[in-house]
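Participant: Structure in structure tokens, see below.
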């Protein structure tokens with residue numbers, strides 16, 4: 001019986017240990033992350049973002065943010081663990097070592113007269129003739145009597161003093177940390193134990209595997225349906241205009257599965273009238289165009305109208321049911337647009353290139369959904385400036401006078417503009433292309449691109465959330481670095497860049513630099529210095545982007561690196577540079593680049609200016625400004641595969657759609 005009680009107690013301790021081992025360190029990790037996230041305010045502090053309620057720390061908001069599955073699971077496990085500790089300490093009776101002196105209330109080595117006196121005193125208190133309580137009877141028989149016998153019998157006392165037990169040397173006992181009722185394998189207990197083994201060892205893993213496989217067969221790692229990716233891949237075209245990107249975007253399976261109710265017909269009709277001018281309908285055949293629009297799939301009609309309601313700020317007139325669908329549509333939009341960008345830059349051409357024009361169009365649509373470009377264009381047109389970067393470069397006095405006197409803003413509104421301008425990122429890109437371990441680049445070589453993307457803000461932050469007062473969800477800003485040939489619409493390399501996680505960026509940059517230096521045969525000291533420089537650059541707000549591509553045919557190739565933000569309008573940059581590819585040597589030896597002075601961007605532009613303008617216009621986004629592009633092409637010195645962007649150049653600062 002004592003062994004069974006001990007096994008039951010040990011089973012509870014075993015369960016407590018298995019819960020505490022992962023729970024305690026995971027809880028500490030979560031608390032440390034929460035403390036680090038709250039150390040800095042990284043969201044926009046303007047009145048518009050404050051009124052949106054996304055960052056408001058009300059009690060309801062705190063409860064809503066806390067009430068996630070992972071947090072509730074942690075709390076539940078802590079409650080179970082506290083209950084087990086209380087039960088083991090106060091309820092579960094652990095089997096104790098037999099201590100006769102302690103039972104009789106004596107000190108070790110007490111005399112025989114003291115033992116008898118203590119026994120008589122306890123007999124008066126616990127003897128069944130004196131105390132009718134059953135527990136007193138059990139305690140007297142199992143403990144007091146045995147303790148008196150062990151200390152008065154010479155042999156028992158000698159055994160206890162020599163071996164620690166009245167019966168002499170004891171053998172080793174082993175048990176199983178299972179409850180008492182499971183140790184009896186006869187009858188129902190055996191069936192319970194069998195069911196437990198089958199359930200925990202077979203059925204539970206099988207159920208988890210089935211759920212995982214069923215979900216993974218339907219969704220990607222970014223929680224986007226596979227059917228959506230297939231649809232995007234089918235409808236993505238190299239000449240897809242930015243105005244047509246939305247037609248592809250709304251075909252996502254997630255949107256097609258949203259319910260279409262009959263009660264939505266009348267609100268959608270009213271919404272159509274409000275946003276009709278934004279639907280790209282032919283005004284000459286307006287009746288035919290309207291009829292054609294309403295003949296589309298009901299889900300497509302609904303999604304396009306909801307997106308236009310967001311872009312034109314008509315969402316305040318939506319019914320409660322449509323408002324719920326509208327918020328769900330916006331919640332899914334960032335990750336769907338990210339997958340759409342990946343589909344656009346997916347290598348498809350015979351040379352393994354993606355498509356530039358649709359990728360730029362998708363990113364511009366993302367910017368418009370997050371920040372609403374109509375508002376930005378209105379402010380820029382009133383101030384008669386070309387970009388927000390131009391506004392940032394002004395002195396505070398000139399900017400304040402412009403905002404209050406020309407734009408007619410109040411002091412509070414002018415302060416909001418200042419807060420937003422402090423958050424706008426300024427991007428610089430430093431690109432170098434080379435063949436590792438060789439001089440010059442020959443056709444067919446595997447070329448490695450090294451790009452340092454640096455971000456600066458006036459408020460000193462690196463990681464921040466964008467200004468998005470009309471987007472009701474948290475959205476981290478991401479940047480897309482595209483190495484492309486704008487004349488042929490080809491994307492040679494593409495990679496998403498994030499400035500939110502500095503620790504991950506340090507690890508990735510250190511590993512990449514170390515592997516590169518080791519491949520070049522650098523010494524340990526040189527590798528250490530290169531890694532330290534990379535870590536310092538990351539801590540100062542830079543991110544390393546590396547990629548490989550195969551060198552094209554011999555000649556000078558005019559490439560452009562686009563650094564496009566998916567959340568900010570007017571902070572995109574372009575860097576133009578030439579990639580000189582040499583002819584492959586017949587004997588397999590490497591040729592060297594002829595010695596020549598640095599070639600600037602103006603040199604290449606003067607020779608091919610007219611041809612580039614005509615070709616690029618076919619693929620340039622309708623939001624772009626050709627005059628601004630000409631200015632950007634003249635910035636920075638450009639040599640063979642090396643370019644440095646010294647200042648921001650806006651691609652779409654004049655957005656009006």
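Heads up, residue numbers simply count up from 1 along the chain you see.
Each Cβ is built from the backbone N, Cα and C atoms, and glycine gets one as well.
Curation does not apply to TrEMBL; its annotations are automatic.
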Participant: Choose the correct range: of 43-65, 66-88, which one does TrEMBL annotate as transmembrane segment? Give that range.
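Facilitator: Here TrEMBL associates transmembrane segment with the stretch 66-88.
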Participant: Of 192-213, 214-235, 236-257, which span is tagged transmembrane segment by TrEMBL?
Facilitator: 192-213
Participant: Establish whether the number of Cβ pairs under 8 Å between the transmembrane segment (66-88) and the transmembrane segment (192-213) reaches at least three, counting only pairs separated by 6 or more residues.
Facilitator: no
Participant: Is it possible to list how many residues within the domain 'J' (99-164) are helical, extended or coil according to DSSP?
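Facilitator: Final tally across the stretch: 49 helix, 0 strand, 17 coil.
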